[in-house]
């Protein structure tokens, strides 16, 4: 079991991780990774390789929102739906890269000060606090926790390979089932593809896609679980490219088959024919949601444990009891809202826009606003954008675009649609069904 213990220690090791990784030599973590691959316990519960992180990012980036993308296409139209998926996918990969850079910078500075992160999981609000101060900590904590509270569909924190692998298999099956089933079914009689019809529908669909590719609110936690966190910036992009192979074919095929009928069906399953294949997809997505829900709450657990001083407690029973105040509000909200399509758009406009796009871009600009910070940066600008000025311009574009289009127009449209859904279903409608 010594190899297992070493692998676990490497996840929270000292700055030697960064020195070996930066210099490109064969590090201790690479050797440990080879040994730990034969450990069943490690494979099930505690991976830290690049593959583990890729499985985690890929399997949880879309989740239930996969079922609402055809609905978004009916609001946007085919061309806008495809273009915005690619645009927000790349934009999300860029801001995930910014978060990874800030994590590396924060950890590098702290470890130079002799700070140890053994038995402590670094989180996004702590990165903001260490780099920019307590006000940014409060902002990051508020947006991130609220996003995770309402989303509860994001990442697996510990990069647990078996669960990530299963989740990826489930979403892959569901996506290709949707595409193939729609093509076999063919177009319904008199199908119409008239979107976009109204601005409120257009921006609602756009913010749902923004939400789709904004699933990296726990990027820092995933990086912290990795043996070589510097690889994350490549991993997330590869995960996004894989997700394109799921979202684009499925959404396009279902919209092609059913057209404007999707405007009244935010869940694509409701239109696809009832077969054993569809039943399997429904079951797999339900299982995937339960798995993802359990792990998606983990960042909230960590925050709550730190607030009440139980983050270092080793008693599983006490920690389970302490986490109840986190779980109960989530279940309550899930019960009273019997629809999730409009919720995705509302969360995307009001929370994801800041948590995933605006705050990381602003934080990166402010962290490296001084020449000394740029000179001593742990991560230099990427090869395809080697100038700090170019990075500043790109980050400003992200801030302005998401603030105006995502939060501004998207917030207006999403809340209008959300209120309409509440009026239609009733706030506590699901409780009385």
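All residue numbers here begin at 1 and follow the chain in the order shown.
Glycine too: its Cβ is placed from the backbone N, Cα and C atoms.
If you check TrEMBL, you get these features:
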{"type": "COMPBIAS", "residues": "1-18", "note": "compositional bias 'Polar residues'"}
{"type": "REGION", "residues": "1-32", "note": "region 'Disordered'"}
{"type": "COMPBIAS", "residues": "19-29", "note": "compositional bias 'Basic and acidic residues'"}
{"type": "TRANSMEM", "residues": "82-104", "note": "transmembrane segment"}
{"type": "TRANSMEM", "residues": "135-158", "note": "transmembrane segment"}
{"type": "DOMAIN", "residues": "161-404", "note": "domain 'Amino acid transporter transmembrane'"}
{"type": "TRANSMEM", "residues": "165-188", "note": "transmembrane segment"}
{"type": "TRANSMEM", "residues": "200-222", "note": "transmembrane segment"}
{"type": "TRANSMEM", "residues": "234-258", "note": "transmembrane segment"}
{"type": "TRANSMEM", "residues": "280-304", "note": "transmembrane segment"}
{"type": "TRANSMEM", "residues": "316-340", "note": "transmembrane segment"}
{"type": "TRANSMEM", "residues": "346-368", "note": "transmembrane segment"}
{"type": "TRANSMEM", "residues": "389-413", "note": "transmembrane segment"}
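Looking at which of 82-104, 200-222, 234-258, 346-368 has the most CB pairs under 8 Å to the transmembrane segment (165-188), the answer is the stretch 234-258. Sequence-distant contacts of the transmembrane segment (200-222), counting only residues of its own chain at least 6 positions beyond either end whose CB sits under 8 Å from a CB of the stretch, comprise 53, 56-57, 60-63, 65, 68-69, 71-76, 80-81, 84-85, 88-89, 91-93, 95-96, 99-100, 103, 121-124, 126-127, 144, 147-148, 151, 153-157, 159, 232, 236, 240, 243, 247, 263, 298-299, 302, 341-342, 344-349, 352-353, 355-357, 402, 405-406, 409-414, 416-417. If you look at the transmembrane segment (82-104), the same-chain residues 6 or more away from its ends with a CB under 8 A from one of its CBs are 18, 69, 76, 122, 124, 127-128, 131, 206, 209-210, 212-216, 219-220, 223-224, 229-230, 232-233, 236-237, 240, 243-244, 247-248, 251-252, 356-357, 360-361, 363-364, 367, 378-379, 382, 394-395, 398, 402.
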